[in-house]
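Listed in Swiss-Prot for this protein:
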- His133: active site, charge relay system (ACT_SITE)
- Asp163: active site, charge relay system (ACT_SITE)
- Ser238: active site, charge relay system (ACT_SITE)
- 281-372: domain 'PDZ 1' (DOMAIN)
- 387-469: domain 'PDZ 2' (DOMAIN)
- 116-254: region 'Serine protease' (REGION)
- 1-26: signal peptide (SIGNAL)
Amino acid sequence: MKKSAIILSKIILILTLLLSFGMSWNNVFSNTKNSIVSREISPSLAPMLEKVMPSVISINIEGSAITRTSRLPHQFQPFFGDNSPFCQGNSPFRHSPFCHINPDSDDKKEKFRALGSGVIINADKGYAVTNNHVVENANKIQVQLSDGRRYEARVIGKDSRSDIALIQLKNANNLSEIKIADSDNLRVGDYTVAIGNPYGLGETVTSGIISALGRSGLNIEHYENFIQTDAAINRGNSGGALVNLKGELIGINTAILAPDGGNIGIGFAIPCNMVKNLTAQMVQFGQVRRGELGIMGMELNSDLAQIMKINSQKGAFVSRVLPNSSAFEAGIKAGDIIISLNRKPISSFSSLRAEIGSLPVATKMELGVFREGRIKNITVELKHSVKHNLNSENDYIGIEGVDLSDYIFNEQKVIKVDNVKPHTPASKIGFKKDDIILNVNQKLISNVDELKKFLHSKPKILVFNIKRGNDTIYLVSE
């Protein structure tokens, strides 16, 4: 009886131990399995970033910029120089000495250092894209890769109107280029990752979503068609990459809306399709050679849509067609509403302007036009701009800063000054808005293209015969 009890006790003990061991093993197996599953479903950007980071560069700039300080107290400046009310029209003081006083001081160059970011888009050629404002006025450009390698770089081309610049790393090899997406396929709500070099801290990553597309009216750049994101973009991120979760470039970080200088979750990037078009021209020509449609217009609001009898507020309203422009020759008319470009919907005049602003001369495209209750497709070939801006590195420096257009004066083909930027060579020579250029060096120049060719010959001196109001004057540049 005792033997039976002892044997039974041993059996119970063995079963208990086996059961406990089995439960422990199950727990271990279960915990291990849960750990594996947890790692599998835990989201991480690390694998994607490992591929992308080698293509993002930090940029260090050494440069110099011209600054001006006033010789005169601020309250006295309006009474001296050409802009004085006493020096206008038929004023008896027009030729007095105080009308020829320059209230500004002489130009003064100041050195500066700056930081930014960029993205390698062609590993074989060493091409990287960044913002124009990052490399503007740069005398020396040095870039650093994610692995610590450093290279000197040079500017291939830049465009202030879109804030895009293309640089080339010198004597660089074993580079990694980023894959570029199609920004036309972006949607509000898509995840974004911003990579850059904020505050010189080295490569930093932030994430967010696309908050809006086609943002404009920010007075940041000339051509505005921004991607808006809430991914933090801070100082130094300019020129850096905005990528999707596949690690593909969707935009170039360019600006933030920051009243106090910090990030409030509103950042802007230039769409990569625009970047591709502009940098391709920079590679080919060293600059952007834009075609121009040749229209003036406005956004299509509800009141205008009602008057034009269209059941939509999306499109670009054409208020004027410039003579001899691409639009004029294609048959576009004032009052037309452009609703598509190459079958792609156009949401606003700003978006149309931005789309066309990245296209080169001779580009053929199809515009969808709403006219008198019907939609009409019109083929247009972009021509050279009707209005020419000679403020380019490749133009003669003596006349930089002036906007010119072809003009008819007394039945003679001449050139009209549309605008003069302050503190530029053109303003120092004495050009003023609405001046009419009758001849240059006693040679009749009938249009802007002829003038550009003449300036490219780099004459030792330039003598401009100018009609200004009722006066005929001469402006000289040596």
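Even glycines carry a Cβ here, placed using N, Cα and C.
Structure coloured by features recorded in Swiss-Prot.
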| residue | record | Cβ neighbours (10 Å) |
| --- | --- | --- |
| His133 | active site, charge relay system | 19 |
| Asp163 | active site, charge relay system | 24 |
| Ser238 | active site, charge relay system | 27 |
DSSP-derived class (H/G/I helix, E/B strand, else coil) of Ser238 (active site, charge relay system): coil
Integer Å distance between the CA atoms belonging to Asp163 (active site, charge relay system) and Ser238 (active site, charge relay system): 10
Euclidean distance between Cα atoms of His133 (active site, charge relay system) and Asp163 (active site, charge relay system), Å: 6
